[in-house]
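S.K.: According to TrEMBL, the record shows the following:
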type     : residues : note
SIGNAL   : 1-23     : signal peptide
DOMAIN   : 26-445   : domain 'Glycoside hydrolase family 9'
ACT_SITE : 386      : active site
ACT_SITE : 424      : active site
ACT_SITE : 433      : active site
């Protein structure tokens, strides 16, 4: 009997040690996932944490915008969207909502990994740009850089010297999706920075309120007002889901019941939850995020029922295709990012089934099936993501050099085919693109499982 007790004790200790080891790995993965955002920074860089990145697009500026003490434009910072040199307001704002939300949900875990400063630094680099983009009460920068022109060059961002167009939304050219995403991002940031930087948190919240009023008062599809965004980030779902999204985040930041009333009214009037049951959660379709937040805030059965149906759709045997290796594969272009965004929703929802789903999806992209989809992480990882800066061609040639010059550590690539097939080919941007929104769900899910010094 004593021997059996010792054996049980040994198994428990070994299990804890294994779990501790995995948690430590997740901390290192989380750090690299956050460093990816540093590799995406535009503007004058305050450090050389990514040694192969330098200053870029310093002249990016709003019409009539003031230069700073370095002579840089007011829109020079922010993040490049993906492997290109454009700053798209969407999905950048959605990505910052995700980082802020994840920090709120997993702050203790992030701290236990020693990553609080890096996490907030990444968030602030994005929200500083969002604040700079808010030119007046009813005017917001939607995009910097012409997409078609930018994509005709294959060069690192440090080489960019073409004229950078600036596109805005305003009361005559409304963009409710973008205004609400920006309001949500700044609301989440106001909560995340409330204790460490209350003055900045207050600034974020004031802008969030104004942007919310702008989006609510002047309603319209942002990609109709900014046609240049249509080939890249067209608003297929429309803006009604973002009305809920913006309102629920303002409620979280303020506890003002008028915002919750707006959120619930918009939600029910437009059938938002049911529209999201059999869909992804992403920069264009925010229904699942709003549903889980409303459920957590109100505890109402309506939201619980819709969340149950949503997760059932994503679990094995539901409506989503599963690859033989276990990835929840909803569509061809970048399936790993959709799996990771829904995995994060699973962590917030917090049922045993949704947490198991989240963990399995995370482990899949990190290589549980033998192929990692995160650069530099796990077994057999990609080395040639579709990324101009990491490839670092000096000849405007996607084939030269043969392999990327630099390793883009921590970047989630698009992912495999529905049969788990994958080729590490930068010219296949469907499977090998990387982007702000791709990493947002991945980093947010990692933060939940990265337990650091705690078991």
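Placement of Cβ uses the backbone N, Cα and C atoms for every residue, glycine included.
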S.K.: Using C-alpha atoms only, work out the spacing between residue 386 (active site) and residue 424 (active site) and round it to an integer in Å.
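M.R.: That comes out at 9 Å between the alpha carbons.
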S.K.: Inside 10 Å of the Cβ of residue 424 (active site), count up the other Cβ atoms and send me the figure.
M.R.: 19
S.K.: What is the separation, in Å, between the Cα atoms of residue 433 (active site) and residue 424 (active site)?
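M.R.: Here the two Cα atoms lie 11 Å apart.
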S.K.: Over all shown protein chains, what is the count of other CB atoms within 10 A of the CB belonging to residue 433 (active site)?
M.R.: 24
S.K.: Over the domain 'Glycoside hydrolase family 9' (26-445), what is the model's average pLDDT?
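M.R.: The answer is 97, the mean pLDDT of the model over that range.
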S.K.: Counting across all protein chains present, how many other Cβ atoms fall within 10 Å of the Cβ of residue 386 (active site)?
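M.R.: The answer is 25.
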